[in-house]
Amino acid sequence: MSNYSGLNEECGVFGIWNHPEAAQLTYMGLHSLQHRGQEGAGIVVSNHETLKGERGLGLLTEAIKDEHMSNIKGYPHAIGHVRYATSGNKGIENIQPFLYHFYDMSVGICHNGNLINAKSLRQNLEEQGAIFHSSSDTEVIMHLIRRSKAPTFEEALKESLRLIKGGFTFAILTKDALYGVVDPNAIRPLVVGKMENGAYILASETCAIDVLGAEFIQDIHAGEYVVITDEGIEVKTYTRQTTTAISAMEYIYFARPDSTIAGKNVHAVRKASGKRLAQENPAKADMVIGVPNSSLSAASGYAEEIGLPYEMGLVKNQYVARTFIQPTQELREQGVRVKLSAVKDIVDGKDIVLVDDSIVRGTTIKRIVKMLKDSGANRIHVRIASPEFMFPSFYGIDVSTTAELISASKSPEEIKNHIGADSLAYLSVDGLIESIGLDYDAPYHGLCVESFTGDYPAGLYDYEKNYKKHLSERQKSYIANNKHYFDSEGNLHV
């Protein structure tokens, strides 16, 4: 899947403790996480006495300009956020980190992922008199914390975390500490690094640690939270009801290829998936082409395994923001023409294996196939380095309805005809799991593959009724004929 198909990541979070240039380093860290969200960005800083922040709409360079940075320089602690809206509207009021000033403390908080029981929690809180200032589900946890009777902020945080469901990470800043939180399934990643001067870093991906020249310390695991203070770092647990289920889509599409998740480099995983795809679904052709940018690693693996030349038959305009961030399908489709072009002299008269990482709605791959054929390509064999994207995701990906998914209603043969390809094949679920190579004692070896299997490790909660109401016949058939490990509340079947 290209960067233009309408599949969107939720957000990226970053935090740093005890560095004299915390705001500047946070800005750099967020820049390396820009691929995770382009609708807005923000930074909150602290100096043990005061918390203050800046935020704005658009790319990081548009949201936080030099004059904003001058307002937050000189503070030693910071958190930052880049946003793509998976819940809530796209106004400035939803740009994070949120900054709260209470009579007894100030708190900055930002969030990556989606809370699948936020609607019901919000309703209960409003019935108790809570007033919300945004439509983002992140605000829910702050209300839960403030309504807790626990004696300390940390205890109130732990109590509140046990009430929320979904795939999430949080970065939270107070005057005394920096907190990092991971959901009970570790669906969304969070890592810790350390700089030469002793400053600690939290980030959604290791690439944000690497860009600052910091040392990777560890992943934060399922149901864990980290507390960073002037005394050092401590990793604790807020729940022992955990089952590791790391999002497969982080490896397939969302994360940067130079990032490492749970010990597995993203580029290496994608290349391995391309090799496995070639083993499972070879094709006779003159060359292999990948859809820029997230499919290039898989395409190189496919070409290497099958012994075909790997060519640059598609070129991406690197100076246009990623189209998938556009809020309407029409804008996304127009963006494909602006951002991708075929190299006619390479593809003219050739049989091509076109490798993409996924098909979600099918509109983008259809346009790319047409673009290549208009440029003279002969036969086009589409190979997808992931299984059929048949089920919606509720854990922070902007595909939360069955109607958006072409594989929910169409077979591979029907999709092949729809997109104008000469053949179409997908990587198997087992092939994906083995290519990634995790080895947790958990279903799917510790992967969350809900979009391919309809098996939801964190449950469905507020989404259950609508999800079940709109299940297609293909989805029902898949569920009936394949083993599922989790019930609608994310509990393992006994």
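Using N, Cα and C of the backbone, Cβ positions are placed for all residues, glycine too.
A quick note: this is a predicted structure, and the numbers were derived from the prediction, not measured.
Just one of Ser294, Ser297, Ser300 is listed by Swiss-Prot for the same Mg(2+) site as Asp356, Asp357, and that one is Ser294.
Over the domain 'Glutamine amidotransferase type-2' (11-231) the predicted model carries a mean pLDDT of 96. Of the listed binding-site residues Asp356, Asp357, the Cβ environment within 10 Å is emptiest of other Cβ atoms at Asp356. Secondary structure at Ser294 (Mg(2+) binding site), as computed by DSSP, is coil.
Ranking the recorded positions Cys11, Ser294 by how many other Cβ atoms lie within 10 angstroms of each Cβ puts Ser294 at the bottom.
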